[in-house]
Amino acid sequence: MFDFMTLEKVWEKGPLVHNITNIVVANDSANGLLAIGASPIMASAKEEMDELAKMADVLVINIGTLDGELVTAMKIAGRAANVAGTPVVLDPVGVGATSYRRKVVQELLAEIQFTAIRGNAGELAAIAGEAWEAKGVDAGVGSADVLSIAEKVANEWSTVVIISGEVDVISDGTRFAKVANGSALLPRITGSGCLLSAVCGSFMAVQDDAFRASVEACASYAVASEYAEIELERKLPGSFRPQFLDALASWSVEKTRAKAKIQESGEHK
């Protein structure tokens, strides 16, 4: 099923990815999208959200650094994207960390139909209402079954769920996949998950099957990180960051197919 031709489609189409994202990761996210052939726009003024919805091929909403004006812009943009039939991705950064973040995410989920939600296990557990010891915006630890969390959130909100971790879990509520790729250096650079959300969005902009787009995006991204690590003389985050950007710029269908480790099932067992 996963031939990774979505990766080629991103290069061919160069989708316009509208990011309402956080101040920590905006630059890296924009450069990462440019590296894979997408066209990023980082805009958050509420006055232009309706107009941008008519232009963008996908909208990515990231709650990493919130304020009231930004939340208003997110809601306007999300509703406009729904009207336009544009895919919308939510990255609920640190949703379990504070009551304000939980409130904002619940409001966004109530007002916007999201094509996909991508986060770590702690963030998706918070949305699912499952007990989990999150550590700020990091995943933390918990005993809940990650597949069950993915299934619950996917079915409750009619969306594709992407739970990033040592093994990525992707589900649309009926289909499940695990991606067992990725460099151990990825979690040592800030914003790697936020960029993945944007990359998933760029794949959804050119592939109507959001589940397939998500699996192929996660695998392509993780495999690129492995190639980046191979090129390093020193396995350190400061060296890895630019090398990973280069790996994204030089990724290919052939490279991804050669190393992708995907386990797919039709149901949660």
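Any Cβ shown, glycine's included, is placed from N, Cα and C.
Fair warning: this is a prediction, and the values are worked out from it, not measured in the lab.
Residues or ranges marked as substrate binding site by Swiss-Prot: Met42, Gly191. Positions annotated as ATP binding site by Swiss-Prot: Arg118, Ser164.
Annotated features taken from Swiss-Prot, shown on the structure.
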| residue | record | Cβ contacts under 8 Å, 6 or more apart |
| --- | --- | --- |
| Met42 | substrate binding site | Asn19, Thr21, Ala26, Ser29, Ala30 |
| Arg118 | ATP binding site | Val89, Leu90, Asp91, Val161, Ile162, Ile163, Ser164, Gly193, Leu196, Ser197, Cys200, Ser214 |
| Gly191 | substrate binding site | Val24, Val25, Asp28, Ser29 |
Cβ neighbour count within 10 Å of Ser164 (ATP binding site):
28
For Gly191 (substrate binding site), the three-state class that DSSP assigns:
coil
